[in-house]
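Read through the structure below, which is laid out as structure tokens, and then see the notes.
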Amino acid sequence: MDVLHFFFGIFGNATALFLFLAPTITFKRILSRRSTEDFSGIPYVMTLLNCLLSAWYGLPFVSPNNLLVSTINGTGAAIESIYVLVFLIFAPKREKAKILGLLTFVIAVFSAVAFISLFALHGNKRKLFCGFAATIFSIIMYASPLSIMRLVIRTKSVEFMPFFLSLFVFLCGTSWFIYGLLGRDPFVAVPNGFGSGLGTVQLILYAIYRKNKGEPRKASDGDRNSSLEMDEKDHKAIKKPNSNQFDKIPV
């Protein structure tokens, strides 16, 4: 059982790392266009909070035998911090203010949890407090793409819901759900079970609307040439009408 538990912990680390790195495609687009377009920054800020709280929960003095939870979430916190910084640089003023306010909330919540758990709680009470905090905000993190899912349903386009992000939400949620079940840790199993289900819904939406990515149709060279030729012919016809042109006018 311990070997299987460790295996799913390693697999969870791998899938979580891919989950954290999946948005690099999105941010490459943001950097090239110097705009966040209709992408939402909320999932990245909430993922940052989840990573901070989960990394704290996995520390040995809070929750024994969960060091694998700390290692990957500590890495995730560093990656998500970069995403949030890029988003703050290129987001419109209104969106930037919203994300900055949310980031302030994230720092305040994590600081409060860390302070209370260190100086006011001990033993099992510390684990329960940090576990509940991590669980609540893990569920909020997994729920944050709901606005994007609503956009997909409304526009019938998956342009702003990257496939790999949805795939690794499912894989990561499923692997950590099993890890939590094997370790009999509800604070790991419950939120990741929710994430697994939500990832499944995202993949179903992607399968339904995968052919609609909101990309405008670009005319081919042949189409453009044909259009130019038609315009040229029409222009000549107007300037030089042939002798039979008026014979076809009905009277």
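Quick reminder: no glycine exception, Cβ is built from N, Cα and C everywhere.
Now, the feature entries from TrEMBL:
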{"type": "TRANSMEM", "residues": "6-27", "note": "transmembrane segment"}
{"type": "TRANSMEM", "residues": "39-59", "note": "transmembrane segment"}
{"type": "TRANSMEM", "residues": "71-92", "note": "transmembrane segment"}
{"type": "TRANSMEM", "residues": "99-120", "note": "transmembrane segment"}
{"type": "TRANSMEM", "residues": "132-153", "note": "transmembrane segment"}
{"type": "TRANSMEM", "residues": "160-182", "note": "transmembrane segment"}
{"type": "TRANSMEM", "residues": "188-209", "note": "transmembrane segment"}
{"type": "REGION", "residues": "214-251", "note": "region 'Disordered'"}
{"type": "COMPBIAS", "residues": "214-235", "note": "compositional bias 'Basic and acidic residues'"}
{"type": "COMPBIAS", "residues": "241-251", "note": "compositional bias 'Polar residues'"}
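In summary, the transmembrane segment (6-27) does not lie against the transmembrane segment (99-120): fewer than three C-beta pairs, each 6 or more positions apart in sequence, are under 8 Å. Tertiary proximity for the transmembrane segment (71-92) is limited to same-chain residues at least six positions away from its ends with a CB under 8 Å from its CB atoms, namely 12-13, 16-17, 20-21, 23, 27, 30-31, 34-36, 39, 41, 44-45, 47-48, 50-52, 54-55, 58, 99-100, 103. With respect to Cβ pairs under 8 Å, the transmembrane segment (188-209) is most closely packed against 160-182, considering the stretches 99-120, 132-153, 160-182.
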